Amino acid sequence: MEKVIPVHLPHQSYAVVIASGGLGQMGDYLQHQAHLKPGQKVLVVSNPLIFKHYGEKVLVSLQRAGFATSTCLLPAGERYKTLKSVQQIYDCALEQRLERSSTILALGGGVIGDMAGFAAATWLRGINVVQVPTTLLAMVDAAIGGKTGVNHPQGKNLIGAFHQPRLVLIDPDTLKTLPGREFRAALAEVIKYGVIWDGNLFQKLEAAERLDQYRTLSPQLLADLLVHSCQAKVDVVTKDEKEAGLRAILNYGHTIGHGIESLTNYRKFNHGEAVGLGMVAVGQLAVDLGFWSQEECDRQFSLIQKAHLPTHIPADLDLNLLIDSLQTDKKVQAGQVRFIVPTAIGAVTITDQIPTPAIVHVLKQMQKG
């Protein structure tokens, strides 16, 4: 399959290309979709495991097309998403004498994409970045839209920049080597798109016999899942590139989810699992406060269960610290925490009128499981 989704922005337009076998044609895509020229330098940023699977295929294709290649390998995992890791990319960029016309190619999941994108945004005040996501989570979320950054000890993604890629190349074949837990976690973001934007996608997920493993998805469902999710992200980003308003809806489930991630030191739950927990919490909050029906909330809960995602939080998680952590969320305005709240399957609203006692009540219920 090959599907090209155009992203039209005021200052830079690009394509999201979904292509089976695309990694082996990387050089061609850089020339014809990213409009880069042979002879230019490309620094491939990855982690050792991903590079072991796909690095040679990418390098051979780039070299065959005439690009001057080099590599920078970083440790894998959210806890390495730091300025220290970005410094390693800077060191590689300096060693390879990257120029304004050079490109950083992010080959990996969301952590690699965020760090490589931030390095590209800040090296020489901005050079090209090409996003080549190899995880489902990065394919449907992190690689599209130009958000880049790293974590601060006090919160997730507090240091960053908007820096749009020259190209996003998604090769679904890389999902064959994705661990099952990572695949399931990414489904939280896919379900999110169904709740906030695309009711048709939500219904397709409901109709699927199983969602918990890559190999149980039909090729058609996988294609639908990728295309619908990417199109939803592109639709929102096109309307609001810098998160001035509408784009904030993409953070559904993230406000509480980021707090859970941070307070469990990014070790107990991965990002998608934490987002799923945030969706469970806000979904029930939306019922309690009259935003949507219990039936719609139950449909969301059932899909999250169908993806074999966690639905309860640890009994020993300090809820006072979790409530405090919400104040460091990027969506806080004038000291008020803004929540993305569902009003129907396929529609949400943004509100800062969520009483803290209501949040605590829902979280306590989630601890009882």
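Any Cβ shown, glycine's included, is placed from N, Cα and C.
In this structure, Thr177 (NAD(+) binding site) is part of a helix by DSSP. Taken from Swiss-Prot, the feature NAD(+) binding site applies to Gly110, Val111, Ile112, Gly113, Asp114, Thr134, Thr135, Lys147, Lys156, Thr174, Leu175, Lys176, Thr177.
Residues or ranges marked as Zn(2+) binding site in Swiss-Prot (evidence: sequence analysis): Glu189, His254, His271. Within 10 Å of the C-beta of Glu189 (Zn(2+) binding site) we count 27 further C-beta atoms, all protein chains included.
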Fewest-neighbour residue among binding-site residues, criterion Cβ within 10 Å, set Ile112, Leu175: Leu175
Integer Cα-Cα distance in angstrom, His271 (Zn(2+) binding site) to Ile112 (NAD(+) binding site): 14
Set of same-chain residues at least 6 away whose C-beta sits under 8 angstroms from Thr177 (NAD(+) binding site): His53
His254 (Zn(2+) binding site), number of other Cβ atoms within 10 Å: 25
Near-site residues: Zn(2+), ref Glu189, His254, His271, CB cutoff 8 A to centroid: Leu137, Asp141, Ala188, Lys192, Gly253, Gly257, Gly272, Ala274, Val275, Gly278
Residues Gly110, Val111, Ile112, Gly113, Asp114, Thr134, Thr135, Lys147, Lys156, Thr174, Leu175, Lys176, Thr177 binding NAD(+) per the record - widest CA separation, whole Å: 29
In three-state DSSP terms, the structure that Thr135 (NAD(+) binding site) belongs to: coil
